[in-house]
Structures are given as C-alpha cells and as structure tokens.
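Following: one structure in structure tokens, then a few remarks.
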Amino acid sequence: MKKVNHVLYIILILLSNVSCYKVFIEKEKAHHVLRKRANHFLEEILPGNLERECYEETCSREEAREIFKSQEKTAEFWYHYKDLSPCKENPCQNGGICQQYHYTYTCLCPPRFAGRHCENVRHECWYKNGGCWQYCTDNPQAHSVTCTCANGYTLEEDGKKCAPAVKFPCGLTLGSSRSLLDLEVESDKLSNTDYNMTTSSPPRPSPAMPRHLNESLGLSLNNETAQAQAMDKQSATISPEHLTGLENNTSSYKSMDGHNHPNISASTMNNTNGTDSGQYNENLPEDEDSRIVGGMLCQLGQCPWQVLIRTIRGVDFCGGSLISARWVLSAAHCFESVVPHHVTIGDYDKNLRDQDEQKIAVLQVFSHPYYLDLHYDHDIALLYLRSPAVFSEHSRPICLPSPNLGRLLTQEGQVGQVSGWGSRRYLGRFSRFLLRVHLPVISQETCMESTENVLTGNMFCAGYDTEAKDACKGDSGGPFAVLYRNTWYLVGVVSWGEGCAAEGKYGVYTRVSNYISWIKDTIIETEGFDVSLIQSL
C-alpha cells in the first residue's frame, strides 16, 4: 500500500511541473507563426478583393464571379487561374497557331489549310492549280475549287483528272506521259555528237533582234535567190490534190488596226543538204546541218502542233502553233514586212513532203492592236486559215492555258520545249529538219539584269546563262510548250533575243496567258465561235 502511494505522489509532482508551462503565446508572435487573415467586421458585405480572395487564399469560381461581375471575364480568369488554357496543348493541326479568346480559342491556319483546327486542305488555284489536271476556278466562300477540262476531254469522277474524249484532243502526243527530262535523256541516247551544237561562243549583238528572217540580218526581201527557186521546185510545187484552200494566189492580210499590207516575198536561207529520200544523214559535217541552237530532232508526232509559215513562193520565214482546226498563233513581228501565203502542218523535213503533211492557205492575219515594234510588247498574232486542218497523229492542236495555269507554268525553274526550223547559231542557216530544245524559265529579275532592253509583264525569259541552248533566227512565232499532267500547253511565243545562246543572255517569249481574252474575242468576232477552242477557257 505504501508503494502505491509513493508512485501516485511522484506522478502528481510531475504533473504539477508540466502545468507551469504556458499554453498560449503572445498575439504579436502568433501572427508570425500562423499568417491567417483575420475576419473583419461585416466582411461579407464589402466588395470582393481579387488579391485577398484568390491569391492570399484559394478562391472558388463563385468568389471569382463575385469579384468580376461578368461571366466572360470570370471564365477568362478561371482558365488562367486553374491553368485550364485551351491553348496549353496546341489543338491546331498542320502548323496552325492557337489564339485564346476569353475561355475559347481560334486557330490561325497556314494559307493551304482551313477548318476549326486547320484539319482541311484548302484547295486554291494558285497552289498547284488547286489539284486540277487542267483548268481551275476558285470558290472563295467554300474554300474549294472547280476543275474543268479543255474541249476534247471529260472530267473524271474524282472531279480533278481529265480523260481524252476524242481521238485527237489538244496537247496530247504519244510521249505525253513522260517528263521532259525523260524525253531529253532518251534523245541524248539516240543522238550522237553530230546532233549537238558546238559550244563555241557566238557573236553577241547589242540590240534586241526578232528571231525571223528580215533585212536586219542582211537578207534582201525583194530578191529571190537560186536557193529559193530550188525550194520552190521541191516544196512549193506540190500536186493540186495536196493543196488546201489555195484557189487564189494571194491572201488577205489585215492587221487589227484595219490597214492592208502589200504582198512581199522573202528570200531564204534554207539548207537543202541531205539525201534524196529525205532521211537525215548522221554523217553530215557540222556546218552542213544548221538547226535550233543546242536542239535535238523533233520526229513526226512529237511536235504535232508545229506550223511552218511560208510566202507565196514557198519560202519559210516564221513558225507558229496550231490551236484549233483553223487558227494558228504566232508572233506579230513576223508580219511587219512579210505577208504569209500558206502554212504547212505536220511537217518535219521541210524540203520533202512528209506523211500527213498539209498545206493550207492563210485567209487573214490579226496582229495584236497594241503591238509595239520598238520593244516587241504584245508580240502576238493570229492566223485564220482558209480551210480547217485535218487532225492526225502528226497534226493536232496544242492546248491554251487558263490565265491561272499560265502563271503556274511560267514560274522560275519550269522547263519548257521550244521547236522550229531556225538556225543553230547566230547568223547561221536554217535547219532542214524540225528541231526542239528544252529550256528553263528564268526569273524576271534575273532577265532584267541581263539586258538593257525593255522587259514588260507580257514577256518572260527562258534559257541558260552559259549553256549553248536557245531559240534563234527562224524560230520566231514558234511555241514555248510546257508538259503538265500529260498535256502540253502553249505558254509562250518565241519573240526576240540578243544573239543566239549568247553567254549571259536569254530568249524572250510572249506570255500567252495574258492574251486569252483577246484570242477568244478575235475568234468570236471572226467566225462567231469556235467551240473547239474557246470552250472551257
């Protein structure tokens, strides 16, 4: 019993010592230990304070709403306060930029995309022709395009591709499915060194010169040479059954300004070398075969729209492009002093009659009303044939581009094909056989820096800075054709240049896409309409 009392006594002593310590600390010290906001009198009736309610303490959305007094401002604050920004993880696709607007967001899309999250490809004609194979029309409100096809083609079920609907549609050749690079590689394999132009630098004249036969080249337009007479016997004197629309010996030559021009004949520089059979002789010396500079042979059917324009004596002086059964597109400067009498279509060896070759009289010439011979601006002309051409594998028209497609196909670096019977060197002789050369389009800035002559927006340049490839004398009016999705388009007309393949100089071409309206209007005014050409353009 005594032991129990002693234990209790000890416990009481210990408890009495503990009770001596203070349970509470002073008011000033307590505020440093626990920094709790003190409630003020009638606090609930005071206006809300953002810092006090939401930063000193954690507030609810209801408290935030009482502070902002606006649902939109509350939502905007709440998304930031709770780090709920809709742009925290970018919901925009294809490189779109998320832009927050209050508690929602919008996507700023790159030019080629549309939709709330930039998820839809935005088809527009300026970008890859809107995906269309031929002609493209913008539908801005729907962010889409409408694709159409040239006459002779039908639109496929996908709404993009065009399929031939007739036997001989425009712009189609046997090798259209291959690229220009493939065609050039193949031609290089078939050609030997005799087919290629020498790389020696030609003389460089200072003024701009049209690329056709004229007096500036020292050639008389009034005196027929013995060579022209020989040409008359071989080419111009064809049996009557081969002549189309040549009942009269003269053609009506009337430019758009309404002035009649005299019938003037031209001399020739044609090369008559070659075998009697008309086959090309690969063993001819280089100076015995003059041709387009740096070109390759354009066999029958490879350039079926190529037209050779001749005088009444059969002397060729310019080229052109067949754009419909009765219309040929050429250069206006070709007809300043020479009157075209007839054209040959489906021609390859101009000294001998080729298979399916046609000779058709020229009924009328329409030079552009604003053509300026000083700068060769608006250097474009239309020839109206007396009778329609018969289409075949060797004679068929080339397609005209829409203005939008024309811009696309004349962008820097685009490769086109120029064809003709012109010289292969400056002041050289014309070629007997049709030739072609592939040339890249040059930027307007680069071309303007290369010349002191006027370069307008109706012109574009093509060629190489140092490589000896170019159009030349005799190629004027001929086509600059571009292959796009298996179809050839006439985007340029050979106009002028400074020399031929001169170093640092380029060939200049008339931009056909700038004249689609003029071409259509001229055709309609002349014959009412030509459905084979103006439909779908």
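In case you wondered, yes, glycine gets a Cβ from its N, Cα and C as well.
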Candidate in Cys109, Cys132 joined to Cys118 through a disulfide, as TrEMBL lists it: Cys109
Non-local residues, at least 6 beyond the ends, that sit with Cβ under 8 Å of the domain 'EGF-like' (83-119): 72, 75-76, 127, 143
Cβ atoms near His333 (active site, charge relay system) (within 10 Å, other residues, all chains): 26
Surrounding CB atoms that lie within 10 Å of the CB of Ser476 (active site, charge relay system), all protein chains: 31
Three-state composition of the domain 'EGF-like' (83-119), taking helix and strand from DSSP: 0 helix, 12 strand, 25 coil
Inter-residue C-alpha distance, Ser476 (active site, charge relay system) and His333 (active site, charge relay system) (nearest angstrom): 8
